[in-house]
Amino acid sequence: MSKDATLPVRGTVAELKLEKKLPKKIDAIIVAIFEGEDSIELAGGEILDFIFSTEQQADILTQLEAVGAKATANSITRVPGTDVAPVIAVGLGKADLLDDETLRRASGTAARSLGGFENVATTIGDLGLAAAVTGFGLGSYSYAGLRKETEESKDKTTTVTFISTGKDDKDVFVEAQIIVESVLLARDLVNTPSSHLYPESYSVIASNEASKHGLQTTILDEKQLADQGFGGILAVGNGSSRKPRLLRIDWKPRKAKKSIALVGKGITFDTGGISIKPGASMENMISDMGGSASVLATIIAAARLNLSINVSAFLPMAENMPSGDAFRPGDVITHFGGITSEILNTDAEGRLILADAIAYASEDKPDYLIDAATLTGAQLVALGLRTSGVMGTDEFRDSVAKTGREVGEQAWAMPLPEELDEQVKSPVADLRNVTNSRFAGMSAAGRYLQEFVGADIEWAHVDIAGPAYNTAGEFGYTPKRATGQPVRTFVQVLKDLSES
């Protein structure tokens, strides 16, 4: 058993509550404002009127106009408010352009402005409770890591109360909270340094998290991986003294008719191996297990939401290190299932461990299979820091990409051009792990993985190299470092499949 069997630290987050009336102790009330034709307008309906009288609303608007408040999306303005409490106004832009993502981002921005407040209430849920809860929950996240704590550095938990007037509000609130908590789990895992999160410890931590929710787990160690022929995972992981693992997790509800396999890349640190990466920014490679973290979080959410779909998650875990035991360019490895692959670049290791896990998952003959990976720099070149690339069988690929855009996790469908068929072939093996071309690197990786997907399985490969880890500034409900993408996309895909 690994000594690191639990996460060393978790991020802090606001405590969200749903109440039918305003709490007695309140430090501020967060309201939303729209851009009107000539002036700003308070945004809301029943809940706004429930808390503030017509005269109080007019007074708040007067105060906001007096300080030159703008209602552009994500703007924040503080005013004295009323005798109820001071007011924090967050802008939503024009009312006719409001959508869930605008509301999520504004709520996240508001959540990040609450330093110094212990108890706040908000009327923003009046405009879309699920989106507001998601924005506040994700936006309030802060990760201090392993810094020595002082009284000044202690994060004081803020309580955010949503006022409820609808009969279905509790169900909406609880579901949104579960999804938020799942995203936060993925963030915590990705933010954990590789000194504390490595294949053995990660497999135990993930298994423990899944077991809390009644999920069945199985861990294969390096000996079992060798006995069963997982040549890709072993090739990548054997260069490290921290040996590889493969974790399987199952959610099997009664009467479920459909099945899906989730596969996530779990490289706990990536040096590039013998094809070593440049030293600059290599510390960000703690995030190279982001795909596996999202898969773990998704199957836990499926269990907590009691989704009626059979879900099996596969998390191949390895540390890609250079050593005398590391695999080399020119090696030929044999994947699970027998396909051989020539290694041209040891820094194209993610597809090797995914290939084993996809072939293994395909033996169950699931109806659908999704894999997620921080896989290629080519994704960043093609789509940038915030948009995932989705490849796979046409209809399912398009559906997953569309779902991502709907929940606010930007995604774009990408092709697997037929000319790549010859480029992924090797003269000395069935495949080569990279092509000899610098073009279409993201699609080439997807084309490699396609070889391992079983027949008649609807498949989507999601490259999250940029979106999984935010190296730029925080925005909306997205913090620096781990983002938790694409957990919300995957949970919604599972919900849609379970209900269809």
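These residue numbers are counts, starting from 1, taken along the chain as shown.
Cβ coordinates come from backbone N, Cα and C, glycine included.
Noted in Swiss-Prot for the protein shown:
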ACT_SITE  LYS277  active site
ACT_SITE  ARG351  active site
BINDING   LYS265, ASP270, ASP288, GLU349  Mn(2+) 2 binding site
BINDING   ASP270, ASP347, GLU349  Mn(2+) 1 binding site
Cα within 10 Å of ASP347 (Mn(2+) 1 binding site) - qualifying recorded positions among LYS265, ASP270, LYS277, ASP288: ASP270, LYS277
Proximal residue to ARG351 (active site) among recorded positions LYS265, ASP270, LYS277, ASP288 (C-alpha distance): LYS265
Which of LYS265, ARG351, all recorded positions, has a Cβ with the fewest other Cβ atoms inside 10 Å: ARG351
Check: same-chain CB within 8 A of Mn(2+) 1 site center, minus ASP270, ASP347, GLU349: VAL236, ILE267, THR271, GLY272, GLY273, SER275, LYS277, ASP288, ASN320, THR346, ALA348, GLY350
For LYS277 (active site), nearby residues of its own chain (Cβ under 8 Å, 6 or more apart in sequence): ASP270, THR271, MET285, ASP347
Listed binding-site residues (ASP270, GLU349), ranked by Cβ neighbours within 10 Å, top entry: GLU349
Cβ atoms near ASP347 (Mn(2+) 1 binding site) (within 10 Å, other residues, all chains): 18
Mn(2+) 2 site shell beyond LYS265, ASP270, ASP288, GLU349, criterion: Cβ within 8 Å of Cβ centroid: VAL236, GLY266, ILE267, MET285, MET289, ALA318, ASN320, GLY350, ILE353, ALA373, THR374
Nonlocal neighbours by CB distance (under 8 Å) for ASP288 (Mn(2+) 2 binding site), same chain, sequence gap 6 or more: LYS265, ILE267, THR268, PHE269, ASP270, GLY350, THR374
